[in-house]
Amino acid sequence: MKKNIVILGTQWGDEGKGKIVDYISSDASYVVRYQGGHNAGHTLVVNEKKIILHLIPSGLLHQNTIGIIANGVVVSPAELIKEIKMLEKNNIFINKRVFISDASPLILQYHIEMDIAREKKLGINALGTTGRGIGPAYEDKIARRALRIGDLKNEKNLSTRLEKIVHYYNHQLVNFYQHKPIDYKIILRDLLPTIDVIHDMIQDTTNILHKAIKDKKKIVFEGAQGSFLDIDHGTYPYVTSSNSTVGGVITGTGVGPKDLDYILGITKAYSTRVGYGPFPTEVFDDKDRHFSNKGHEFGSTTGRKRRTGWLDAVSLCRAVKINSLSSLCITKLDVLDGLDEIKICVAYKNIDTLEIISFPDINEWEKIVPIYKSYPGWTKKTLGAKKMEDLPYEAHHYINSIEEITQTPVDIISTGPERSDIILIKDVFEC
Ligand code: GDP
Ligand code: IMO
Ligand code: MG
């Protein structure tokens with residue numbers, strides 16, 4: 001029996017991770033966020049009620065799960081409290097059910113101002129960040145100047161350190177970015193009341209997880225973003241600032257690789273990307289309208305329209321390898337309902353040399369064109385299907401083809417936004 005399951009995105013984020021984490025967590029004791037921050041937007045739909053989570057792990061709708069925000073996550077205390085309040089308004093109480101690592105770096109106002117100022121200065125070369133201060137917060141971590149959650153416990157030191165950091169940021173904000181300066185006293189004023197709320201959640205989460213593993217508890221590790229937004233393996237520089245691939249679990253929690261039993265890659269039946277950067281299978285016009293309207297492809301965090309495209313099996317095969325995927329979960333199959341033809345990109349070709357490229361380097365992305373294989377579409381509705389037998393022949397063929405191309409089994413298919421719109425081919429804890 002599997003105990004510890006990683007669920008992560010294999011594309012450019014928004015694959016439907018939240019829905020699958022929520023579904024699988026009904027059986028778990030712990031659900032763990034290990035990287036990213038409130039740039040994530042994970043949507044859960046239960047009995048037609050929609051909840052979007054940014055920082056709180058997506059398994060917390062189940063009363064018996066404990067949420068961990070581990071050391072790899074960058075945490076905005078203000079956003080965390082906003083989310084806790086939102087959940088309480090929805091009668092979901094997480095008191096004593098969420099623990100935050102003392103080593104998680106903080107996101108404070110100066111990170112957000114810096115993120116916004118940088119994007120503005122980049123102009124047409126902007127990355128299209130979520131503007132949540134993610135990049136600057138991870139920079140502080142790597143530069144060893146970050147204030148961390150544990151520092152909130154020492155208020156006297158906090159003020160002195162905050163003053164120094166704000167001084168450092170103001171120098172850049174004012175002189176280089178011609179941005180307004182920040183007053184550290186205002187940041188401190190807003191931060192102090194948040195400490196009371198989160199004080200008791202601050203823990204050595206690595207230790208909690210080691211104990212859970214020893215006690216043979218089931219743990220779900222919830223990825224944010226997707227494999228090609230990974231800082232090392234993504235389409236750099238159009239990436240986020242953390243490791244959204246499987247390595248992020250190890251460094252982001254302190255749980256070693258031998259304790260990860262099963263790694264599930266979430267893949268939309270087509271592709272989307274929000275923000276700028278390479279997207280070889282991008283479509284426009286009527287196909288984009290189809291994906292966009294039927295799939296409601298608007299960002300869960302920023303509301304931006306997502307770019308859409310066909311499934312890219314070249315990058316998916318790469319995601320299988322860089323994450324050591326055990327299996328795939330195909331989401332949003334229902335969005336393909338009604339298409340005459342469905343395409344999968346099976347190779348990339350360099351338009352200058354006409355060579356087939358296995359995976360482009362940084363400078364090659366602009367020169368590649370996708371080579372497609374075409375599949376017949378279906379007219380029968382798959383929305384809400386709960387058994388393989390409910391799917392039309394062509395949908396079986398499409399799923400089988402993805403398995404064949406990626407040499408990876410598809411263990412779960414999602415057929416609608418609702419928690420119950422799902423085909424469980426294998427029970428991931430049992431297989
Ligand atoms: P995440 O960031 O990976 O958790 O994904 P998001 O929540 O940002 O985006 C996925 C969107 O697709 C959300 O609006 C979900 O409610 C929705 N969704 C998830 N699975 C399915 C599915 O199988 N079919 C349809 N139609 N919508 C889905
Ligand atoms: P979930 O977890 C989709 C994208 C941004 C931008 C780039 C860098 O919901 O899948 P950042 O603010 O992280 O510095 O932005 O990454 N991005 C996401 N795209 N889903 C996400 O999260 C994303 N988080 C960041 O749009 O292109
Ligand atoms: Mg999302």
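Note: Cβ is positioned from N, Cα and C throughout, glycine not excepted.
TrEMBL entries are annotated by machine, without manual review.
Per TrEMBL, GTP binding site is recorded for 13-19, 41-43, ARG306, 332-334, 414-416. Non-local contacts of GLY16 (GTP binding site) by the CB criterion (under 8 A, 6+ apart in sequence, same chain) comprise THR43, ILE266, LYS268, CYS329, THR331, LYS332, SER414.
Positions annotated as Mg(2+) binding site by TrEMBL: ASP14, GLY41. Sequence-distant neighbours of GLY41 (Mg(2+) binding site) (same chain, 6+ apart, CB under 8 A from its CB) are ASP14, ILE52, LEU53, HIS54, GLY299, SER300, THR301, THR302.
The IMP binding site feature in TrEMBL is assigned to ASP14, GLU15, GLY16, LYS17, ASN39, ALA40, GLY41, HIS42, THR130, ARG144, GLN225, THR240, ARG304. Around the Cβ of THR130 (IMP binding site), the same chain contributes ASN39, GLY275, GLY299, THR301, THR302, each under 8 angstroms and 6 or more positions distant in sequence.
Secondary structure from DSSP puts ASP14 (Mg(2+) binding site) in coil. Taken from TrEMBL, the feature active site, proton acceptor covers ASP14.
Annotation note: HIS42 (active site, proton donor) sits in a strand segment as assigned by DSSP. In sequence order, LYS17, GLY18, LYS19, VAL21, ILE52, LEU53, HIS54, SER58, GLU222, ALA224, SER300 are the residues of the chain that are 6 or more apart from HIS42 (active site, proton donor) and have a CB within less than 8 Å of its CB. Positions annotated as active site, proton donor by TrEMBL: HIS42.
Sequence annotations record features per position, and here TrEMBL assigns active site to LYS141. Counting every protein chain shown, the number of other Cβ atoms lying within 10 Å of the Cβ of LYS141 (active site) is 20.
LYS305 (substrate binding site) falls within a strand when secondary structure is assigned with DSSP. Among the features that TrEMBL reports, substrate binding site is placed at SER300, THR301, THR302, GLY303, ARG304, LYS305, ARG306.
Summary of the substrate site environment: with the site residues SER300, THR301, THR302, GLY303, ARG304, LYS305, ARG306 set aside, the chain residues having Cβ atoms within 8 Å of the Cβ mean position are GLY41, VAL274, PHE298, GLY299.
For the binding site of IMP, formed by ASP14, GLU15, GLY16, LYS17, ASN39, ALA40, GLY41, HIS42, THR130, ARG144, GLN225, THR240, ARG304 according to the record, the largest Cα to Cα distance is 34 Å, rounded to a whole number. For the pair formed by LEU333 (GTP binding site) and ARG306 (substrate binding site), distance between Cα atoms is given as 17 Å, rounded to the nearest Å. When the recorded positions GLY13, LYS141, GLY303, ARG306 are screened for a Cα within 10 A of the Cα of GLN225 (IMP binding site), the ones that qualify are GLY13.
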